[in-house]
C-alpha cells in the first residue's frame, strides 16, 4: 500500500517509551521471515531510569503505554509449527487458539506502528488500528502456503494503520483513490530528488509519470494540510485558535444595548402618535415589519394622495422630535 505523506515533528515521551521497549526499527523488517525477532521488552530498570531522566508530566498517558507494553511482553512468540497448529484450530472455531495467535503477535503491531509516529495519530491510536489489521490477518492466514504468519500479517497491519491516517488526520477527508494518486506523485518526486540531489519540479514529476502537468499540480494542491481552528494544539491548551480570533461581523455589546433601548423607546413614542401618523411613519421608514416605501406608494396603500402623506409625515416627525427632546434626546439620535 502507498506510504502516507506527512510532516515529521518532535517525538513525545510516550513514543520514546516504545523505543525503550522495542529498540530501533528497520524499514525492511517486513521482508524478513520473522519481523518480531528481537522485539522482546527491555528490562524495566532501564525503562524506569529513562522515565526519571525525562521528567515526564503526562503520567497518565505514559502509564497506559507502559502498562500495555508490559502486558504484551509476557506473551511468548510462536514457532512456525505452533503458528500452523493454532491457525488450524482457530479456523475450526477455537477461540483460545485465535486469541493465542493475536496475543503472540501484538509486539509486531507496536514495531510497525512506530514507523508511523508523528503523522497525525498518537502511538496508542496507531497500535489500536494495527491490532485491527492483526485480527483480520489471523482470520485470513493460510498456513498451507508455507510462509510465516508475521510476513503475512505485516501487510494487513500496515494497511489498517495507513488507512486510518488517511481517514482521520485530515480536516477535509479525501477519497482513498485520490490519496493513492497523490502519494504516487510524492514518491516519484522523492525518487527524482534523491537522484538529482535537488528538489524535483512539477514538470519533472509529470514527465516521469507521463501525465499532464496540470494534473500533478491539482493533485499536489489537494495535499496541502488544513487545520481546524477549533482543534487544540496540545492536550494542555485551554483555548483553541477559535477562541482567540475576533469576529469581524460581531456586534459591539455597548452598541447592541443602545440599539435595543432605542427600539424599545421608539415603540413607546409611536404609541403616542395618531393611528394615521403611526401608519405613515411605519410604512415610510420600514418599521414593525413594513418595507420602506415612497410617498406615492404609501398613498396608494392607505388611499391618500402623495401630498397628504407628506403632510402627515411632517406632522408625525415634528411630534416625535418634541417627544424625544422632552426626554433629553435629539431628533438626530432617532433619524440619523
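Heads up, the Cβ atoms here are built off N, Cα and C, so glycines get one too.
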>> Checking feature assignment: motif 'Interaction with polymerase core subunit RpoC' per TrEMBL, candidates 121-124, 125-128, 129-132. Which range matches?
In response: 125-128
>> Please identify the range among 295-314, 315-334 that TrEMBL labels DNA-binding region.
In response: 295-314
> What is the average pLDDT across the region 'Sigma-70 factor domain-4' (269-322)?
Replying inline: 89
> Cβ under 8 Å to the domain 'RNA polymerase sigma-70' (125-138), counting only same-chain residues 6 or more beyond its ends: which ones?
Replying inline: 68, 87, 90, 98, 101-102, 105-106, 108-110, 112-114, 116-117, 149, 152-153, 155-161, 163-164, 168
